[in-house]
Amino acid sequence: MTKSVAILGAGAWGTVLATLAKANVHEVRLWSRQGGETLARTVQDADIIVSAVSMKGVRDVTSSLQSSLVSPNTIFVTATKGLDPKTTCTPSQIWQETFPHNPVVVLSGPNLSKEIEQALPAATVVASQNMEAAESVQSIFSSNRFRVYTNSDPLGVELGGTLKNVMAIAAGVCDGLQLGTNAKAALVTRGLTEMVRIGTHWGAKMETFYGLSGLGDLLATCNSHLSRNYQVGYQLAGNKTLPEILAHLEGTAEGINTTNVLVERAKQQNIPIPITEQVYRLLAQELTPRQALEELMLRNAKPE
Ligand SMILES: NC(=O)C1=CN([C@@H]2O[C@H](COP(=O)(O)OP(=O)(O)OC[C@H]3O[C@@H](n4cnc5c(N)ncnc54)[C@H](O)[C@@H]3O)[C@@H](O)[C@H]2O)C=CC1
Ligand SMILES: O=C(CO)COP(=O)(O)O
């Protein structure tokens, strides 16, 4: 059945999600803050509202939408991978808090938009406490080139996509310094352990991190020059400064904000996050990529 889909954020990811829904013959309206259409008109009578704005825009968009007429049957889908700097909330928590009576679905997976744009095959996950809503979103986006799985751990799915961005910065550094395949395998594996430690502390299920939205996205992002987060790390290892890198980066590298938020919250909660800490110090120009590596290698010996 044809559905009415409003997509908020016409950046790289919002545009690709619009193409996928259109290809399944849904009626799609794509909203950007630079465009002529109002937010209220874009979401009018929408069956689903997909947010693909970057983290810094989520609060603005939810507040603007609050005054619009949204039916309690409308499903919200969030595709943002980040953490709110003020509250450390995830995007889906912000959407749910703003629209407590609507179902909220998280969409996240190994989805480098440039590859999907080229019609290369990919898979993703739609997660919600409301399985009917997740299945509805699954059918809107599923096709022979985009395989969509449902999941009932929205927090775990969302945190997988968010936390791997920090590891992708570290992986970019690792490749930029040409540290080799063994080092990269060690980094990504220990990175996943760090993601699981944080995620389970915050209430996500451990097994979710071993699926597409965790390990899957970690592998995609840590191994691709198409990833903006990976690019940040790679270019830092090439002795560029963060402002120089960001001046030429296409789109958003969410891992930078996520690292800052994570370091604050983990400190308060006493969660050990050694890799994130080194990424933080590197981004803050407190040490060089080589020094960050040294710090990680020379930590106290411990069991795996
Ligand atoms: N590009 C990709 O491959 C993927 C990106 N994502 C996630 O999707 C989100 C968006 O990523 P991209 O589209 O790549 O970024 P982008 O930088 O290309 O687009 C961001 C969009 O957010 C909008 N935005 C920012 N602040 C706003 C505000 N205050 N009010 C209204 N709109 C605002 C921008 O206008 C733009 O349309 C990020 O959280 C990213 O991690 C998720 C999966 C894949
Ligand atoms: O989330 C992504 C792939 O799943 C996109 O990664 P970047 O934001 O690092 O480009």
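Using N, Cα and C of the backbone, Cβ positions are placed for all residues, glycine too.
Lys164 (active site, proton acceptor) counts 32 other C-beta atoms within 10 Å of its own C-beta, drawing on all protein chains shown. Among the features that TrEMBL reports, active site, proton acceptor is placed at Lys164.
Listed in sequence order, the residues of the same chain lying 6 or more apart from Gly14 (NAD(+) binding site) and placing their CB within less than 8 Å of its CB are Ile7, Leu8, Leu30, Ser32, Val50, Ala52, Val53, Ala79. Per TrEMBL, the feature NAD(+) binding site maps to Gly9, Ala10, Gly11, Ala12, Trp13, Gly14, Arg228.
According to its DSSP assignment, Glu254 (NADPH binding site) is coil. Annotated NADPH binding site per TrEMBL: Trp13, Arg33, Lys81, Ser113, Arg228, Glu254, in sequence order.
Every protein chain shown contributes to the tally, and the Cβ of Asn229 (substrate binding site) ends up with 29 other Cβ atoms within 10 Å. Residues or ranges marked as substrate binding site by TrEMBL: Lys81, Arg228, Asn229.
Feature annotation from TrEMBL assigns sn-glycerol 3-phosphate binding site to Lys81, Gly109, Lys164, Asp217, Ser227, Arg228, Asn229. The secondary structure of Asp217 (sn-glycerol 3-phosphate binding site), as reduced to three states from DSSP, is helical.
Secondary structure of the domain 'Glycerol-3-phosphate dehydrogenase NAD-dependent N-terminal' (5-34) per DSSP, as helix, strand and coil residue counts: 12 helix, 9 strand, 9 coil. As annotated by TrEMBL, domain 'Glycerol-3-phosphate dehydrogenase NAD-dependent N-terminal' applies to 5-34 (among others).
Among the features that TrEMBL reports, domain 'Glycerol-3-phosphate dehydrogenase NAD-dependent N-terminal' is placed at 39-134 (among others). Secondary structure by DSSP for the domain 'Glycerol-3-phosphate dehydrogenase NAD-dependent N-terminal' (39-134): 34 helix, 19 strand, 43 coil.
TrEMBL lists 153-294 with the feature domain 'Glycerol-3-phosphate dehydrogenase NAD-dependent C-terminal'. Secondary structure by DSSP for the domain 'Glycerol-3-phosphate dehydrogenase NAD-dependent C-terminal' (153-294): 108 helix, 0 strand, 34 coil.
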Cβ under 8 Å to the domain 'Glycerol-3-phosphate dehydrogenase NAD-dependent N-terminal' (5-34), counting only same-chain residues 6 or more beyond its ends: which ones? 42-43, 46-54, 57, 61, 79, 107, 111, 113-114, 116-117, 140-143, 146, 250-252
List, in residue order, those binding-site residues out of Trp13, Asp217, Ser227, Arg228 with a Cβ under 6 Å from any atom belonging to ligand 2. Asp217, Ser227, Arg228
Among Ser113, Ser227, which are binding-site residues, the residue with the most C-beta atoms within 10 angstroms of its C-beta: Ser227
If you count other CB atoms within 10 A of each CB, which of Gly11, Gly109 wins among these binding-site residues? Gly109
Contacting recorded positions for ligand 1, chosen from Arg33, Lys164, Asn229 when the Cβ sits under 6 angstroms of any of its atoms: Arg33
